[in-house]
Amino acid sequence: MALPRMSTARVDTLTSWHADWRGLRVAVLGLSTTGFSVADTLAELGADVYVFTESADEEYARLLPVIGARLWTGPLQEVPEELATFDPEVVIASPGFAPQHPVIAWTQERGTPLWGDIELAWRVRDKVLRPDGSPADWMLITGTNGKTTTTRLTASMLVAGGLRAAPVGNIGVPVLDAVRDPGGFDVLVVELSSHQLWYLGLADVAGPDPLSPYAAVCLNLADDHLEWHGSFQAYRDAKAVVYRNTRVACVYNKADVATREMVEDADVVEGARAIGFDLGVPGPSDLGVVDGILVDRAFLAERRSSALELTTVSELAAEGLGAPHIVSNILAASALARSRDVEPAAIRAALRSFALDPHRIEVVAVHEGVTWIDDSKATNPHAAASSLAAYPGALWIVGGMLKGVDIAPLVAGRGGGAKAAIVIGADRTEVVGAFARHAPEVPVFEVDAAETENVMARVVDLALDIARDGDVVLLAPAAASFDQFSSYADRGRRFADAVRERISAGEGGARDHDDTAPDPGA
């Protein structure tokens, strides 16, 4: 039996904080940080809020009745009777709910407007206005890898340039918290995952007040999250939403043809410019590198005959920012900042004070000539390839949950140059098999410890036996962490702790270094 189609007439009028949201029946799916920010915002607006979740953070669950929202907790593999009875006028889902989820399918079949938190945040962005009476500009950042680093870099550059800016979104700070901040902002730098962009893509581009960013960038595109999207094409289509309705600058990676094609296909505001970046010599309207100098040939009047110097690769290396993929992120962030007229001096100042987040090519220790590096944030092959490019010949710690992604191209490419591979995680068989087929000359050691507490201790013991003076031991798993760890941060922390413990024990004489490396497969 076909479900009745709902009228969206009222919802179409809700394009402002000051619209009449009172009594609007909204079902919120999920009670993570994002889900709670949605519920809290809607409750403040006077909506009738009912949260549905399979599990709830104790503190958020305690706060829901305080703000006037209801909570239902239980399995969501079928549509709860309480949800159907509630008959929501809008459903707002947390990013973890995939398109094929039963509740998402039910919502779409009945014609109920389906939003993510980003759609709601855009609609209510006018709660706090700038001195000129307009809401903050939004800059959108996505990509398979480098999103968080680029988001932080961009916000830092904007702040150094005298603008009130904040990094928000998938970076961990809900956009809804920022749009309700009474201090207000000039620019919100919004990191978006492919999941958030899929929900954003459901909005009617011809509808009332669609999201229209000041500038946007897709940093790169490679296989990831295929189990969520169902196919690479669906993943690519979600990422491409980032450029839709861009007003000023569509920034793309010249070294990644997919991002250029996204810009070429995008429906943007008339006058928006395409701005390229890569590590090569830039043309007009690009940012790039000339003789070790990062330059801007996009945002200056004489761009056909001159360039603005931003910084140098040697200066970045001195700050720990010299890895090629980090330089690429810096160019992308600089393009966004320059689109808002941030001066090169401010960009340099921001870079001098910038530090990468933990677990992003972080040097854990240097001991007896061996450098131990934690890049646990490399949760897919594309990210791991960047790490391996920065540290060729490393002893590579790889594996985890592959999320449906084929690791063979990475093993056949950058992985083939590794000194050795220590393989961990639930999908070890696929990784070991890829080495056997594509890089049989690389020694492979498998760690089958099922208990989280033991995995990294065993990994580090193996690495200590293999590594020699001048070697790099690189944790760049190319896979998600949830098979054995609570997060990529937990995985990185445990690796760093194990390294420090083993080094300390060795210095105290508790463990002697074995000059004979173990046999692969032992």
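Note that Cβ sites are derived from N, Cα and C of the backbone, with glycine treated the same way.
As annotated by TrEMBL, domain 'Mur ligase central' applies to 141-268.
Gly143 (ATP binding site) carries neither a helix nor a strand DSSP state and counts as coil. Cβ contacts within 10 Å of Gly143 (ATP binding site), excluding its own Cβ and spanning all protein chains shown: 25. Marked as ATP binding site by TrEMBL: Gly143, Thr144, Asn145, Gly146, Lys147, Thr148, Thr149.
Note: the domain 'Mur ligase C-terminal' (359-478) comprises 45 helix, 27 strand, 48 coil (DSSP; helix = H, G, I, strand = E, B). Annotated domain 'Mur ligase C-terminal' per TrEMBL: 359-478, in sequence order.
Residues or ranges marked as region 'Disordered' in TrEMBL: 503-522.
Annotation source TrEMBL lists compositional bias 'Basic and acidic residues' at 503-516.
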Long-range Cβ environment of Lys147 (ATP binding site), under 8 Å and at least 6 residues apart: Ile141, Asn170, Ile171, Glu191, Leu192, Ser193, Leu219
Confidence summary (mean pLDDT) of the domain 'Mur ligase C-terminal' (359-478): 94
Cβ-based neighbourhood (8 Å from the centroid) of the ATP site, residues Gly143, Thr144, Asn145, Gly146, Lys147, Thr148, Thr149 excluded: Ile141, Thr142, Thr150, Leu219, Asn220, Asn329, Ala383
